[in-house]
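Copied over from TrEMBL, here are the features:
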DOMAIN    A:10-195  domain 'CheB-type methylesterase'
ACT_SITE  A:22  active site
ACT_SITE  A:49  active site
ACT_SITE  A:142  active site
């Protein structure tokens, strides 16, 4: 529960990471992913709330700053190790049981499409206890339910410390609904990811 | 508890298939699960099993559930640059055919149909075109046949239409009445609306162009390939296949049987 307790022993068998962020999210994600060492081998799937533009520059922006392969998630794409996937604008993004990605234009969740809940809940169903879910800064309630579902399925949950978040509404909403495994600052979340990488699994 | 939910969901989908021949078994699982969860709340059912009992014994309840299982999210001239590319890159080639058959697969409530009809009229092609507009949801098809859309939405469509290279005033195509826009019925004179399932039915006609937009994302890879197979069979030599802005043939078994004409706009040609 507290920051100092983060260790390899508590995060065994992680096969995929999902991340959700809203207002203030670009800087937060850059700070976490920018620190990852080359060769980071787990897949990361991220929803960052965006205005509904048809084409997003997110993947390009992050590709220049992150050592991993960075792409916008495509429908029916098989999830690959060492790749950072961003949900594109206007579509929900889900993980299927065969660990491929799917898009959907269902109704918005918390006024958002893509929605963090949509990604987290589907990834929890697909990865069960082998999922690490991280919820960061933001100004709405998205992600709280999804994080709860990740926990119910045995996955590991992390919420950014509200005092460290640029906008604390989203972390606080998550904490109101669910007690995560870890409440961490951005720099500690970076440490956690780095520790996963060196863990033999 | 979650494991039981997964079992119940599978049983519900199987029951629907056995009783009503609607086949959702190869739809993307995450989306179906969400939609059933949404339906549970609306039906006030505690479990998926309870919902299953209702729809098995009450066809009316099944039709209500079907409205949740299908996703009628559409707009006219959605992704205007797509329609502009059809106008600029596809229409000149379509003009070389003496008669044209177009299949709009998964037409939902008709927005794509009226968009295509308007585009073809402006290019002088509508009179020699037959459009087959198909969907699995009879309620959606009924709405499509009526051609009545909310005036509020039509304002957004007007912007799309202009961006898509529209040649007239969009208001030329409808009559406003109260809060609705009633579209010119001559636009659908050559449109045949029909019940057709990409999951269970076969090809019914040779076509020159197939538009299937934001339908395939709800299918798993196997069912996508079935649909691409139908399209490949239906299309004439060098026929056109157009998809939604995030849909791709890249991961399909049919990726080699089509070539991109305007890749960015998801316009393909049978190779």
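All residue numbers here begin at 1 and follow the chain in the order shown.
The backbone N, Cα and C atoms fix where each Cβ goes, glycine too.
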Alpha-carbon distance [residue A:142 (active site); residue A:22 (active site)] in Å: 9
Long-range Cβ environment of residue A:142 (active site), under 8 Å and at least 6 residues apart: A:20, A:22, A:49, A:109, A:110, A:112, A:115, A:116, A:117, A:170
Residue A:22 (active site): tally of other CB atoms within 10 A of its CB: 26
Neighbouring C-beta atoms (10 Å sphere around the C-beta of residue A:49 (active site)): 24
Assigned element (helix, strand, coil) containing residue A:22 (active site), judged by DSSP: coil
